[in-house]
Amino acid sequence: MNTETKPLPAWLDKVRWDDNGLVPVIAQEASTNDVLMFAWMNREALAKTIETQRAVYYSRSRKRLWFKGEESGHVQHVHEVRLDCDEDVVLLKVEQVSGIACHTGRHSCFFQKFEGTVDAGDWVAVDPVLKDPEHIYK
C-alpha cells in the first residue's frame, strides 16, 4: 500500500493564507446568488474541493477536514471557485443539495436580520427552518 502523500499543486501558493494556514471561504448558491455560509479552508481542503468538485472545509474546532454534508447529506456541488482581488478570500459557487446549508436546518446561515435602530434594535430570524436539525443529525 502506498502511503506517500501527493504534493499539493503550485497554484495554491497564489492564495494569501493567514498565519494559521487558512483562508476564509464564502459559499454562494450558483443559481440564485444567495450567500449560504462562511467557513475556512486550508490548502488540503481547497485542493480536495477542486479535485472532487464538492465543498471540503477545514473545521477549526475539530482541527480536521470537514466534507460538507458528511453527516447531514446536504453536500455542496461546486460549479466555480473564485479568488478575490486581494487573493485572501475564496468564493465557491455551489449547488446546495436539499436546499439546506445551515446546521439550523435553514437554507442559509445568514438568516438573522438586524431590524430597528442603533438604540432600539435586535437580530430577528427572518428565514424559515426547512428541516428540524434533530432529524438532520443523528
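Backbone N, Cα and C define each Cβ position, glycine as well.
Copied from Swiss-Prot, the annotated features are:
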- ASP84, ASP86, ASP88: Mg(2+) binding site (BINDING)
- CYS85, CYS102, CYS109: Zn(2+) binding site (BINDING)
Number of other Cβ atoms within 10 Å of the Cβ of CYS102 (Zn(2+) binding site) across all protein chains: 21
Cα separation, ASP84 (Mg(2+) binding site) to CYS102 (Zn(2+) binding site) (Å, whole number): 24
Pairwise CA distance, ASP86 (Mg(2+) binding site) versus CYS109 (Zn(2+) binding site), rounded so that it is a whole Å: 25
Entry from the binding-site residues list CYS85, CYS109 having the most other CB atoms no farther than 10 A: CYS109
Rounded to the nearest Å - Cα separation of CYS109 (Zn(2+) binding site) and ASP88 (Mg(2+) binding site): 21
